[in-house]
Amino acid sequence: MTVQLDARPPVVPAPQRSSGRLSRLDTQLSPYLYIAPFFLLFAVFGVYPLAYTFWVSLHDWDLLGADHPFVGAENYTRLLADADFWHALVNTLGIFVISTVPQLLAALWMANLLNRGLRARTGWRMAVLVPNVTSTAAVAIVFGVIFGREFGMINWLLDLVGLDAIGWKSNRFASWVAISAMVDWRWTGYNALILLAAMQAIPRDLYEAAAIDGANRVRQFWSVTVPLLKPTIIFCAIIATIGGLQLFTEPRLFHSGTNPIRGGPMRESQTLTMYMFENAFAPHYNFGYGSAVAWLLFALIAIVAAVNVLLLRRLGGDRRQKGAAR
Amino acid sequence: MAVFPRRRHAAVALAAAAALLVTAGCGGGNEPGDGKITLTVDVFGQFGYEQLYQDYMAANPDVKIVERGTGTNLDEYSPKLTQWLAAGRGAGDVVAIEEGLLVEYKANPANFVNLLDHGAADLKGNFLEWKWNAGLTADGKQLIGLGTDVGGIAICYRKDLFEKAGLPTERDAVSKLWPTWPDYITTGERFTAAKTGASFLDGATNTFNTILLQTAGNTTGYSYYDTSGNLVVDSNPSVRQAWDTTMDIIDSGLSGKYGSWSEEWVSAFKQSKFATIACPAWMTGVIEANAGTAAQGKWDIARVPGNGGNWGGSHLAVPKQSKHQAEAIELAKFLTSAKGQIGAFKAKGPLPSSPQALDDPAITGATNAYFSGAPVGAIFGTGAKSLKPVYMGPKNQAVRTEVENAVRTVELGQRSPAQGWTDAVSNAKKAAAK
């Protein structure tokens, strides 16, 4: 059907006279050397901090203190009994769900629009990425002002239509919505472009065949596009999971004033990363406890990512034959 | 493919440039070339040192001074400073430490140069005794920081809004309106009844802090922790009294509910949305910075209800990690000298902690044009020498945050005063245990 573009490894004629051992060593080792930089960097900036954080989490580690006594799993047991931790967890998952689900659906819809014959297509495609290029800090500050209690634009609009002002920063659910709006504004276009790239790899003739079979556009979308996009959707979902559960800048900058790291006086929108910061740094400076939060967050991301994959595997699972037909 | 080698050259050049940048960045304060030493000073809020730096650099041509953090609020500043100290690099050569955090930093004195080893002992007479002692470690063997300013409390108010509400505007008459906090509330109710479109005060947390430190200073001498370091949030009558007064203020609907230091708070300054604010001496610089030149001459200063009090004040310390300790110590001594403290007071209003400076005509006769020519030296300086300090315990900042947040939940209507108090006590205990 399509041309097989994957190049097979070129067959290198074995050099006849040069030292066979050296060249064998070369063919065996050089691939590892080529990929080594990534693993070296990953070891330095990924594995080492992870291991060190775990080490720290087993200690009573005052950030400024001279000695750090070993306490074993005490930080973890305390953390699991810590109501504020669970509160932050619920906030994080809440914001994650109400931001990620609409975001991926909107991205899918947007990608589908961009995939059609639009005028000035490249321009539109660039345009959806613009919010992503803006600095998170700027976005958060602007949205923080828009959602202000007294001087904010949204409450001003609500007032115009005769509705009561909403305490966007002091109402738990409202603050989730405001932060999700920020996240969606920033990341929808990014995901749309990734999905668009995948959509363009879908062979046209599948749509032609579907059209001949009498499938309309909507049917084509759900029966051809979505199943074939499955790996990409899973990819986007995992990236969104990692980003969503690590959400920090938006909710942190959404709140200004004294102790913004709490996400409001009653921790209305404090995410896990903010809770980690609150404990590891100001005002508690308890590095061990903060590290324990970091590790539980790591575990949580792994779990949610796995659940995501399992759920999305089911998405259009019965159309596997069609996918295989490619 | 001819392009490829050239690209590689470009990449190598880029990498080399990046490496150079990194090494230059790690080089620290030494700029090669002009032979000058760069001293970095880390502050928060408004310290008013700009002119003093100019004077110092003129007298010491080999020193260049860079200040970081002006306008930063303390909650952003303190984690940064702590991280720098913990990491062993990044902190300025001279760093400001606020009184509430000093206890925590004093618990780990190894991070700082012992100023007593550098002739600071001779300067003892230049500071109020309690301010000097606050800079000493518990065993008295190490001096962490030299005192800059002390609190001194007043009430700053908007004359134009008072006039609109039919209240007196002249500062002595305004001071007479509120000998006590209940009188302040009564005045607030009169103000509110006049419907000027502005609230009587900015937010409850600043006022709560003021009342607490005032009450504690005049009675027990400690607030959240007693002097042996036990948490006494629920048993110290000063805390409860400050809480109850604050609840009365909230209950009377006087607060504009602007969270202190938030963007809304700053906007409220600009749009003249409140008429009074609890005003430690250092707050005058903050008001001027927030309200801007448009409000010049509309502000004035009256005395605080109740009986004086102290909120705030900082010390200057030299971290051990500084590469120019000797020069940094000299600069810190200069900035905290009587001359330095007078200069800072004139620029941004922090009240000197040096008795010589407090007696200096430059202070006693000082007026502030921004605040309608109010005699700030007399208002804040009177009684400054007899100020009773409030003891701050080991986790003061964390505990204070919890109690302030509880005040805020009541103010925003999320909690009843009784629930708020329960929260304040239980959260404070939890924070103290962390």
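The backbone N, Cα and C atoms fix where each Cβ goes, glycine too.
Feature transmembrane segment, per TrEMBL, maps to range A:126-147 of the set A:126-147, A:192-213. The stretch from A:32-55, A:126-147, A:228-248 that makes the most Cβ contacts under 8 Å with the transmembrane segment (A:85-114) is A:228-248.
Sequence-distant neighbours of the transmembrane segment (A:228-248) (same chain, 6+ residues past either end, Cβ-Cβ under 8 Å): 92-93, 95-96, 99-100, 103-104, 107-108, 179, 183, 187, 191, 194-195, 197-199, 202, 206, 271-274, 277, 297, 300-301, 304-305, 308-309, 312-313, 315-316, 322-323, 326.
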